[in-house]
């Protein structure tokens, strides 16, 4: 006989697993807060600018500040050399609101103690250390790479006035910062000087501030002002001296030649020629001339181009070339050994001085 097991089997109780646990609240909240902090940091992070220079003297990453009008607006983050080890690359981070200031005409320069023509500047950085000054730009496209200047621009982009260009065949006549004078009064300054390799001449950019920019017209002439003028004539010796700043540093002057009309207004960036002195301007005004070749059997030692040609003490022309050779006269010159000199006789010069026409000059001087 089989014994039946009357023991009842216990049925398993199934409970549903909860989808989340209170334990996860803290990590989730922490993750959300961290994500929000990262988003806030990058969304409110200011623009990064790259400054290029050849010497990072006084610039330190994490310490050197960037200021504008004595207000902190950024900080230098890194200072490294480029791949060629020839330049210094400075990375700086500005405040978020400064993005609109970064234009093509924005300028950066280092402020530190310096001794210049204007005196000693930047003494306040002896204790605080050097910093980088930003001059806000006004025109041009947005830009994030700039050259770090050694000195501040002489005129701000919003300064009222006019910029013009000067061209000179001689180098080293003017330097950035030299004054621009009108009858001895400073009305502007030289901003840049650059040698053009292709044309082999010097190019200068001048800024003339308002309201004196209206005096720069189509008929003005510019000349190098050394600060001292020396002239010796039959009436004696005349010496004129300008201000001490002009005497030590030099400058450039401009004016309308005597007897000329003021002329018309000019456009910005108009190009003018830079003359060596005021006297050379007067000589250049005589564009009407007659060319003559003079032959000398005696020595012409000391005779140079630019020397005056005079008639009884009155200037009537200019020596142009000493000696003056052409292929046609080469054979005849080998026989008589005379030295040819090319001169220009300027009728207007003689007529202005004595009131006579050029026919009188030919009869009196050239006997024809």
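Even glycines carry a Cβ here, placed using N, Cα and C.
Annotations in TrEMBL come from automatic prediction, not curation.
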In TrEMBL, which of the ranges 21-42, 43-64 has the transmembrane segment annotation? 21-42
What are the DSSP helix, strand and coil residue counts for the domain 'Mce/MlaD' (46-137)? 10 helix, 44 strand, 38 coil
